[in-house]
Amino acid sequence: MNQDQLKQLVGRAALDYVPAGQILGVGTGSTVDCFIDALAASGIQIPGAVSSSERSTQRLAKHGIKVLDAAEVTRLAVYIDGADEIDGRGFMVKGGGAALTREKIVADLADQFVCIADASKLVQTLGAFPLPVEIIPMAAAQLTRRFAEIGGKAQLRGGVVTDNGGHILDVTGLSITDPLAFENDVNQWPGVVTVGVFAHHKASVCLLGGADGVKTLKF
Ligand SMILES: O=C(CO)[C@H](O)[C@H](O)COP(=O)(O)O
């Protein structure tokens, strides 16, 4: 199976976690696109979804799935989203699709984070994938220097403006051995909107698609 087929496989597997009759949190990315398509085809009835991006909102709406504002809900049982990297403890790097801030906001509303990913996303240590950081544009130069101080090389993602009007720095050269401390630390830097380490909002479950099918990792 190629990567696209694995994404479709885990997208379908995630249907088992959809709480019928309840509002669902929906992430962003190509794996989530597969999930949204599978959800629409499944016939599972939900009253609506809280979406983490304009991209997912459009796809949900295209399928006739009602999209609710985050302010309309106080709690979600389940949030389903992809990841750029996930480690053996459920800590993740996210934001390859530039939706990390809204993803963290929707994840914060949810009791359970179901990560759907192909097996290439499972890593020993976070950091090989360039770490996305949403920033206030004015802070780009100073934040680039701050990342350099901890061994990271930050590059502005050209031509990208997030759904929130922010910019994205992609940071290479990091080895994130303590994701909780790293997230705490970088979140304090002025100009950082959201760092793409999801440690405080880690996965509860990961459905990992590989050659042998879907493996369920619980954290
Ligand atoms: O964090 C994300 C978007 O901001 C995505 O979940 C992450 O980039 C994985 O994307 P894909 O499913 O396309 O591999």
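Just so it is clear, glycine is given a Cβ too, placed from its N, Cα and C backbone atoms.
Taken from TrEMBL, the feature substrate binding site covers Thr28, Gly29, Ser30, Thr31, Asp81, Gly82, Ala83, Asp84, Lys94, Gly95, Gly96, Gly97, Lys121. Within 10 Å of the C-beta atom of Lys94 (substrate binding site) sit 30 other C-beta atoms, taking all shown protein chains into account.
Counting only same-chain residues at least 6 apart in sequence, those with a Cβ under 8 Å from the Cβ of Glu103 (active site, proton acceptor) are Gly27, Thr28, Ser52, Ser53, Asp81, Lys94, Gly95, Phe198. If you look up TrEMBL, you'll see Glu103 marked as active site, proton acceptor.
Largest Cα-Cα distance over the residues recorded as binding substrate, namely Thr28, Gly29, Ser30, Thr31, Asp81, Gly82, Ala83, Asp84, Lys94, Gly95, Gly96, Gly97, Lys121, equals 15 Å. It is Ser30, among the binding-site residues Thr28, Ser30, whose Cβ has the fewest other Cβ atoms within 10 Å in the structure shown. Just so you know, the Cβ of Ala83 (substrate binding site) picks up 31 other Cβ atoms within 10 Å once every protein chain is counted.
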